[in-house]
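Annotation comment: Swiss-Prot describes 7, 141 as Mg(2+) 1 binding site. Among the features that Swiss-Prot reports, active site is placed at 7, 68, 141. The Mg(2+) 2 binding site feature in Swiss-Prot is assigned to 68.
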């Protein structure tokens, strides 16, 4: 499975592509950041993020896009920008018929480090180790995007089995 991880942000939108299957060594195919100037008009920033993500989709042809689920932050302005960048990533994938998976920051941290309360340095160190890299990807947004892709590759098989079981249960006329 090839997954594009997206760590949404208006100024720095981390992107990373990981390929592999659960239980096997994973391979990083690409990592980077789509940047926009903080002083640019919002609409232009969103268009720049769209163009950047479209380039990644064209180049790497992922089977799925994993996006960090936006959660409540103390700074409303920050959460709005994150949500807007997240929506752009989801729109780009949906337009192409690529499935989108949302993962919370604590889900990603737990999947990659074993602790949902891990800090950025711990996530970066584990991404480096899991992907057999020489150094942690910089900035942290890039490492977070790879962590999202890793999380999805590892969690997708269990999520798919659960969805199939629920569908089978529903098809037999049972309710939850």
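Glycine is treated like the rest: Cβ placed from N, Cα and C.
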CB contacts for residue 141 (Mg(2+) 1 binding site) [other CB atoms within 10 A, all chains]: 25
Collapsed DSSP category at residue 141 (Mg(2+) 1 binding site): helix
